[in-house]
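The following features are taken from TrEMBL:
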type: SIGNAL; residues: 1-26; note: signal peptide
type: DOMAIN; residues: 39-149; note: domain 'Plastocyanin-like'
type: DOMAIN; residues: 165-316; note: domain 'Plastocyanin-like'
type: DOMAIN; residues: 430-564; note: domain 'Plastocyanin-like'
Amino acid sequence: MGMARYWPLVLPLGLVALLFASVAQAAVVEHTFNVGNLSISQLCRPPMIITAVNGQLPGPTIKAREGDTVVVHLVNESPYNMTIHWHGIFQRGTPWADGPAMVTQCPVKPGATYTYRFNVTGQEGTLWWHAHISLLRATVYGALILHPRGGAAAYPFPKPHAEEIVLLGEWWNANVHDLDDMAVLTGNPPRSADAYTINGKPGDFYNCSNANQTYKFQVRRNETYLLRIINAALNTPMFFKVANHSFTVVGADAAYTTPYATDVVVVAPGQTVDALMVAGAAPGRYYMAASPYDSAIGGMPPFLMANATAILEYAGSPTGDGAPPPQMPQRPAYNDTETAFRFLSNLTALVLPGKPTVPLAVDTRMFVTVGLGNSDCQPEQLLCNTTGTRQPIFSASMNNASFVLPHAGAVSMLQAHYANASAGVYTRDFPDVPPVIFDYTADASDTAELKFTAKSTKVRTLRYNETVEMVLQNTRLIAKESHPMHLHGFNFFVLAQDFGNYDEAVATPQFNLVNPQERNTVAVPTGGWAVIRFVANNPGMWFMHCHFDAHLDLGLAMVFEVQDGPTEETSVPPPPSDLPQC
């Protein structure tokens, strides 16, 4: 894995460029997203119709500078309802632009439009955008790159020669909207993907793969490249390697990290990693490989045991029929939890002037179990066994509350919050502790009574500026599994993480209160726990959920309702005039 490597933080170039970049005025970055049908052929199958933005897979990259305003006109020319979530954007003052369907907005109906407008002040690095409705983010997604106001010279690490986006995804030989509909009707999660992809292409190791289904990166020897790695897969954490090359991680979830040397990058769905890679190998061709990390222990549906590949090609290397084949990296085992945990737990923040620090005083402490379970069939699940008894259908919950969105035809949760009309939309009784305390990670805990959960739409109300510490505890119910928990509207500090049951007396001395990693998505260790802390300084309704889409549909979610602050600037503004109506 290698030892962490540190560079001295020299201010004259990086910080001075940042501080004196007023000559580079903030701008408005404007895009139009036409969401519609795209005919595409993958894996040598006949062309099929997918939902895509501007006829691209992945969708267009948005590039902005810190402080800019981003404006995206969504034109829904698809046959499905649509929303877009700007994953990791704080949405300070623009909660109506966050995007999750029925949480902050009603969906944009076919034939309708909506303009998303938000500011990116105080954020630099790699984020992304994706559909936040049904399983449509399988094909509706793209990168969102936030450069420093002072340009590449303001990076707190050596300036790379070039930058490359590496978008990891999943592909289904099926209509994903139909798969989601069937999952709802039956109560069973959708089947696993048919392929993994890098920048929309599966690579060379699938049946009937060919050259136009493998993405190629061109590099020059001894130059340094900043790889912006994004896991846009719906349900699969990924190991990422490049044969004969190593990395220095310098960022995660658009927050700078202390430089960390490694030969493997681990990204859970929703997470991003910025990594420097020196093209220091012998000239030739090398495979990039993304392989799945299967964190589940016990009884879950099978995952796809395959790899996505792209080719790293040195300038001047032979590429014809007689050229040597690219070298393949040695991948970790699919269940290599040790490697995954080592990477995910060893990252620390690069402390920079003016950046947020860990709040030391805590107002609210929450202990929240996350995991799978069972629930009764719901009335809308027409293909589920509705005998009235407890059926062993999959469900998921946080503190035994299995989340469901408000029904279509209602208003979004943010609309209800703004109008002070929550009745019939949500309740304010999400619990701070689970209803039953038990041995969360023991095999013996997997009992029918503990697994049962009921459906509800519960929120936890927070005062403006309240500091929250949350222990996220994985359970053994049905399976131990690493759940990537994503919080909208905020970054949080990951103070500690480990395996087994959380023990406050043992864990508290482990807390990193100096330079913990800052993230918007944390991969809670398999059969373990993570402690996060954040300040609720952003009024609105903010979704917190597992970024496995299969688990989100099953109810592994909740919402934070953050009350208004004392001023107009710290209050939820009126909704925009074109806000979609249900």
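Yeah, the Cβs are placed from backbone N, Cα and C, and that goes for glycine too.
Counting residues of the domain 'Plastocyanin-like' (39-149) by DSSP class, helix then strand then coil, yields 6 helix, 50 strand, 55 coil. Along the domain 'Plastocyanin-like' (39-149), the predicted structure has mean pLDDT 97. DSSP places the residues of the domain 'Plastocyanin-like' (430-564) in helix, strand and coil in these numbers: 20 helix, 61 strand, 54 coil.
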